[in-house]
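The glutathione binding site annotation in Swiss-Prot covers 72, 73, 85, 86 and rests on similarity to another entry. Here Swiss-Prot flags 2-101 as domain 'GST N-terminal'. The annotation domain 'GST C-terminal' is assigned in Swiss-Prot to 107-248.
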């Protein structure tokens, strides 16, 4: 049995793993796990012009809970070995498939810089960027109530602070976070920052240094692959017209509200 990756490309960590594996020509079977089942999402958005929809294995809406004891994605299954958590999966793939050194450098100082960003990321960029989608799409979808503009403003202020720190502390005047080549740090950062873009919060506008960094990341992984991986998130607003099963709505509404706090 070969490598299997259980992913939903609505998820930022899943997108980073998908892009990393494809960019490095790692052979794997894409097991599409739908965090919001087909009955919720309805028909998925058509592929963007020039982008081929990712090839997937059978939908795993029934069995995904059996794959990971944590019952969440992403999950890697390599024979009888199962691994969860984005960073752990990225590092496993980089080591097993001996990917180019720039992704996770052998140089101890450069590797430490990647580790530093990955540690900082969770309490800063990841703590703010996803909330834009919860406020603008998911909470209204599951509660039937739009969130007050003050909520979004509060989140955007927190995100702006994180972006300022990102530019000044990590990006500085470099092409990428650790220097002249892309690393896992850049990949983990960019997929997170595309989340607000998908709901109409263009955080790259009026930030030329950040915009240029994004352009370089897109070119490093390939623009076609980049937009293929982000197709679903860039069409996330289409969810607003979906009819939600009342039981699912009752279950998820308080969960989302709790995550926003």
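Placed from the backbone N, Cα and C atoms, the Cβ positions cover glycine too.
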Whole-number Å value of the largest CA-CA distance among 72, 73, 85, 86, listed as glutathione-binding: 11
Local Cβ density at residue 73 (glutathione binding site) - other Cβ atoms counted within 10 Å: 26
Tally of DSSP helical, extended and coil residues in the domain 'GST C-terminal' (107-248): 107 helix, 2 strand, 33 coil
Three-state secondary structure, which DSSP defines for residue 85 (glutathione binding site): coil
List of residues, in chain order, with Cβ under 8 A from that of residue 85 (glutathione binding site) and at least 6 apart: 74
CB within-chain contacts under 8 A for residue 86 (glutathione binding site), separation at least 6: 13, 14, 16, 17, 74, 188
Tertiary neighbours of residue 72 (glutathione binding site) (same chain, Cβ under 8 Å, six or more apart): 84
